[in-house]
Structure formats: C-alpha cells, structure tokens
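A.B. asks: Just dropping this structure here.
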Amino acid sequence: MEELSQALASSFSVSQELNSTAAPHPRLSQYKSKYSSLEQSERRRQLLELQKSKRLDYVNHARRLAEDDWTGMESGEEEKKKDEEEMDLDPVKKLPKRYANQLMLSEWLIDVPSDLGQEWIVVVCPVGKRALIVASRGSTSAYTKSGYCVNRFSSLLPGGNRRNSTTAKDYTILDCIYSEVNQTYYVLDVMCWRGHPFYDCQTDFRFYWMNSKLPEEEGLGEKTKINPFKFVGLKNFPCTPESLCKVLSMDFPFEVDGLLFYHKQTHYSPGSTPLVGWLRPYMVSDILGVAVPAGPLTTKPEYAGHQLQQIIEHKRSQEDTKEKLTHKASENGHYELEHLSTPKLRSPPHSSESLMDS
C-alpha cells in the first residue's frame, strides 16, 4: 500500500506527503492554483482494487501490537537497526519503530468523488490529539501517531484492566482522538475488538460494530477510578447534501475540528490514504458546492486566506524545529503530540509561527 501511494504521488506537496493535512487545502478560495488533483480519484480507484487482492496477516499484526511481542520478525531488521545505531553519531533519541505509523490518516479532499452521496460517510471530529489505544493484559496504553507511549492506565475496554482481562486474547486496538479538555478518548475507528481484527473489514461494517459494541461495555463512557478517561464513539452520517446541511447545523458536546470523509469500502490501512478525506467545516460550501446553513461551524476564520503562505514559510524551518523538539524531548521526556489538523491560531493571522504540523 505504501509503495503504491509513493509511486502515484504527484508534485504537489508543501510537506513530504501528497495532499497532507499538515498543509492548507489547495483549493482555498484565495488560492485556486491548479494543483494536480486528478490523481486523487485515480489513486482511490487503484487502492480499492488493490485491497481486494492484498490480504495481510493482520491477526498476527494485532497480536504483536497487543502483546508487544515481536518475536519472529526478520532478523535482518534488527541487524540493520544495529548498523544504523553504530553509524549514527547523533545522540538524539530515535523514534520508536513498532508503534509508529499505525493509524490511518487522511488527505485533503481535493477531487470530490462523484459518488460522495452514495459511497461515503462523514465523521465530525473534535479538537484533540490522535491516539493509538491498545488495551491488553490488564492495562491500557496510549500511543501518539509517532509511536510514543504517553500514558498507561486502566480502562473498561476489553483487556484494559485486570478485572476483565480474563485471557490473553481479550485485547482491543482503537483509533481515537484524545480531548484533554473533556478527559475523553473519542473513538474514531476500531482495528481489533476482543482479539478479532477488523483491518480487512469495510468502513461501514467497522463503524456499525464500533457503535454497537461500545455501549455494551458498562461504564466505558463514564469517568471512574477504574476508567479514568471516558471512551465515546463518534457518530457517522451520510454525505448527501441534505445530511451535510443537517450535520453542520448540529450542536456537538465538543469543539469541532473538522470532517473526515470515509469511503464505505475502505479497509483500515495504516498511513495516509486518498480513501479518507479531510475538510474544515467552513470549506464544505466552496469545495463540495453544497449550500450550508450560516453558523459557527461554517463561518470562515480570519486566517483562511493566509494559511497557505504561513505553511510555506513555516516549512522552511521545519527540519530545524523538529531537531530542536526531538532533542528537547530526549532531555525531559516530553514529546510533541500531533494534532489531527492545524490548531487554532493564538496570534494574528500574519504570524507564520502560529501554525504547527498536524
């Protein structure tokens, strides 16, 4: 999957990834340059075909994540790692390999699918930090997108505490967005439930399963001693114009960050994929051509017209910034947690320092 994505990548990219959500949408009204968006629909088609024939061993993959047991992995990988460490004179701590890049990430929704209303589902996402949740052997671990374990705690997820972890097979792996304000892990997707992997299942089935099983776990949505963080499933909606208008006029129990558009047939594939699209709510009208109701979600922020210029300027010093952050992290044990999208500006729109990578 990764090789195919790289082979099909076009020249547009302010970051290293094609249509990365770390950069602004190429079709913001103030910047209607003709970027290469035709490939996005073609890459969607090819990825859907590829996943029909490509069946990875996700049973063992999920087990390794749950048990942190990598026995049997290629010995050459370890030798390569050892050689790299011997050649590396930089004392900065390397990123962990095992739990990094395990989440399925989106691209900006540039090329609007012709079957958007029939074959796509939209999820309203809260402001927060993406987290890989692994509940296994009586403990629950939270990992960043980069693979750092930032918290371990008990939870009422299957396998997440000593009381309900009856067997080693009772493990759960979730894709979540953590809201520090609400002390809540909003469940975006499910990769494994009670030892049963769902990587090869279609999005509509994964969402159905997730929203059916989460309410069955009594107390999971409450903050208690044994469950110090709430786990709440995010709802999904059809992508018809009528549904989108209704969604954008709703009130949500969290601050809304943006919208994720999932193709119904998408399997859960770690890494960026054009089969998951990302838009900020105020972009729906311009990008999708849908008449939206006036309201807080659809009001364009002041920085919308300056976002592209800010990102470009910010990227010039990105490598230096990353080196400083990594060095600082290795010294004090704190690591940069990556946002789902561009955080709100805390300074005037013309300041390039106010934007961070997602």
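In case you wondered, yes, glycine gets a Cβ from its N, Cα and C as well.
On a predicted model such as this, the values are computed, not experimentally measured, just so you know.
Pulled these features from Swiss-Prot for this protein:
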REGION    1-39  region 'Disordered'
REGION    1-160  region 'Necessary for interaction with XPO1'
MOD_RES   M1  N-acetylmethionine
COMPBIAS  7-22  compositional bias 'Polar residues'
DOMAIN    11-73  domain 'IBB'
COMPBIAS  30-39  compositional bias 'Polar residues'
REGION    69-89  region 'Disordered'
MOD_RES   S75  phosphoserine
SITE      S106  site 'Interaction with m3G-cap structure'
SITE      K145  site 'Interaction with m3G-cap structure'
REGION    210-329  region 'Necessary for binding to the m3G-cap structure'
SITE      W278  site 'Interaction with m3G-cap structure'
REGION    315-358  region 'Disordered'
COMPBIAS  315-341  compositional bias 'Basic and acidic residues'
COMPBIAS  349-358  compositional bias 'Polar residues'
MOD_RES   S351  phosphoserine
A.B. asks: Between S106 (site 'Interaction with m3G-cap structure') and K145 (site 'Interaction with m3G-cap structure'), what is the CA-CA distance rounded to a whole number of Å?
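C.D. replies: Distance between the two Cα atoms comes out at 13 Å.
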A.B. asks: Measuring Cα to Cα, how far is K145 (site 'Interaction with m3G-cap structure') from W278 (site 'Interaction with m3G-cap structure') in Å?
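C.D. replies: With distance taken Cα to Cα, W278 (site 'Interaction with m3G-cap structure') is 17 Å from K145 (site 'Interaction with m3G-cap structure').
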A.B. asks: Averaged across the region 'Necessary for binding to the m3G-cap structure' (210-329), what pLDDT does the model get? Just tell me the whole number, please.
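C.D. replies: Residues in the region 'Necessary for binding to the m3G-cap structure' (210-329) carry a mean pLDDT of 84 in this prediction.
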A.B. asks: Which of the listed recorded sites (S106, K145, W278) has the least company, meaning the fewest other Cβ atoms within 10 Å of its Cβ?
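C.D. replies: Least crowded of the recorded sites S106, K145, W278, by Cβ count within 10 Å, is K145.
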